[in-house]
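Participant: Provided herewith is a single structure, encoded as C-alpha cells, for subsequent inquiry.
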Amino acid sequence: MEESHISSGSGQSSSAETQSDSSESSDKNERISTSRSPTSTPVKLEAEENKEKIEKTTTFEDLGLIKPLCEACSALNFLKPTPIQVESIPYALSNRDIIGLAQTGSGKTAAFALPVLQALWEDPKPFYACVLAPTRELAYQISQQFEALGSTIGVKTTVIVGGMDMMSQAISLSKRPHIIVATPGRLHDHLEHTKGFSLRNLRFLIMDEADRLLDMDFGPVIDKILKVIPRDRRTFLFSATMTTKVAKLQRASLVSPVKVQVSTKYDTVDALVQSYMFFPFKYKDVYLVYLINELSGKSIIVFTRTVYDASRLSAVLRMLGFPSIPLHGQLSQSVRLSSLNQFKSGNRSILVATDVASRGLDIPAVDCVVNYDLPTNSKDYIHRVGRTARAGRSGKAVTLATQYDVELLQRIEGVIGKKMTEFPHEREQVLILAERVGEASREAVRELREAERNRGKGGKHHRKRRGGGDGEDEDYKDCDDDVVQGGTIFKKKKKYK
C-alpha cells in the first residue's frame, strides 16, 4: 500500500506485537467472537507500580511525546497531562494494548490520539488507525481532536457515520486518510459494499466509550469488524465503567493489556456541587423555568427522558425568552450538529437533550446540568453530570424531584456516596410563574402538533426509522425515547389542559 503524505522523522518503532489466534466463541449470548487470544496474560494494573514516576511527570515531553505533538498540545492550551494521559501514554508508546477507565471529561481522547499520532509520524500509512464511537456527535468530536492534535504533522481524517451519503463517504475513503472515525454499523457497511476499501493493513483499533457501544447493542457488528481487521495490531479500549460486556470485549480484542484506572466505577468530581429541588409533579415545568431563570447567563444542559419532552421544553423556554435549542436522536444529522455547534459557540446557552448528549461530548464550559427527569440507571446520572465540573473547573448539577422520584433520588445518593443539598428557593416565588409557564406549555404543545401534521406524521409518538437501510438505526437510539419509566406520570394530551 502506498504511503500517504505526512511529515515524518525518527523515533521509536510503533510496530504492533504479534498476537495469537484463538477459536471463535460459540456462545451467542456473548456476542463477541474471540478473534484474538482470550488466554493472554491477565490484565495488570501496572500503573500502580509507577506511582512515584507518575507523580513527578508534569509535561507532555516527560511522557515521551515528540516535539511537534507537544507544540500542538501547547497550542490547544493543554498545559499539563491529565491523570489518564500520564498513566496510559507511556504504555501506549511502548507498544502495549491499553484498557483505560476514567470518568468523563478526564482527557481520554488525547490519551489515545497522541500515541497514535506519534506512531503515524514515525511510519506514515493510509488507513493507519480506526476509532469506533457509539454516536455520530462523538465521532465528529474525536475527528476534530485528531485534526487539532495532528495539525503540525499533516494528519488526514475522515468521519464515517450513518445518516450521511454513502457515495460521498466512499469518495472520502478513496482519498486514503490516515485516521477513520466511525460508528460501527456504517463502517461495516463500507467494509462489505465499498469496492477497494479494506482495513487489512490497520495498525490501531480504538474503541471509545466501549460500555456504551455495547449497551447500544453494537456487539454483533463489532464482532464482524474484528474478523476482517488484522490480528497483528494495537488495540486501545476506553470506557467509563468496566461492565461484564466490556470485560468480554476486552478478552476478545486485546492481548496482554495494561489496565489504567483513575477513578472508581461511580465517581463524581469533588468540584461538582450536586443539589435537588423537591415539589409536586404538576409544577414540574414551573420549577424548571424558575431554576433556569435563577441560572441566567450560565451555560446549561437540561436532560429529559424522552425526545418529546426535549422538543417541548426547548419550545417552552424559547417562548419565555430563554435561548434554548433541542438535541435528540430524532433530529436529522445536520440539525443535531447545528444544535451542538450553536451551544458550543455560545449562540444558545441552553441545550435541552436526551441522553444522546450525556456521554463523550466535549463541551468545554458547561456551568450547570439540570436533570428534568431522573435517570433510572445510576450510571446514566454519572454520565449526565459529567458534562460539568470538567478538567478541574467547578460546576453545578440540579435534579428536579417530585413525589414519585424519592426512591430513585435516594438510590443515586447511595451510589455516589453523597447527600445532595436542596437548591435554595421559595415556593411562593416559584408559583408566581405558574400562569405564564402554563400558557407557554400549551402553546408549545400546539406548535409541536402543528409541526407533526406538516410533516405528515401519525402523531407525536411516531418513531421514524432512520439510516436509510444502512444498518445505522442504532446510532439514533436514545434508549429512553418515548418510554414511560419509574418516576414518571404520563398524561398524554391532557397534561397541560
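Heads up, the Cβ atoms here are built off N, Cα and C, so glycines get one too.
Sharing the record's features from TrEMBL:
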type     : residues : note
COMPBIAS : 1-23     : compositional bias 'Low complexity'
COMPBIAS : 34-44    : compositional bias 'Low complexity'
COMPBIAS : 456-466  : compositional bias 'Basic residues'
COMPBIAS : 470-482  : compositional bias 'Acidic residues'
DOMAIN   : 58-86    : domain 'DEAD-box RNA helicase Q'
DOMAIN   : 89-260   : domain 'Helicase ATP-binding'
DOMAIN   : 287-431  : domain 'Helicase C-terminal'
REGION   : 1-52     : region 'Disordered'
REGION   : 448-482  : region 'Disordered'
MOTIF    : 58-86    : motif 'Q motif'
Participant: Given a Cβ distance threshold of under 8 angstroms, which distant residues of the chain, six or more beyond its ends, lie next to the motif 'Q motif' (58-86)?
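Facilitator: For the motif 'Q motif' (58-86), the sequence-distant neighbours (Cβ-Cβ under 8 Å, at least 6 residues beyond its ends) are 7, 9, 11-12, 93, 100, 102, 106-108, 110-111, 114, 117-118, 121, 148-153, 260, 262, 391.
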Participant: Write out how many residues of the motif 'Q motif' (58-86) are helix, how many strand and how many coil, based on DSSP.
Facilitator: 16 helix, 0 strand, 13 coil
Participant: Could you tell me how many residues in the domain 'Helicase C-terminal' (287-431) are helical, how many are strand and how many are coil under DSSP?
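Facilitator: Counting residues by DSSP class gives 61 helix, 25 strand, 59 coil.
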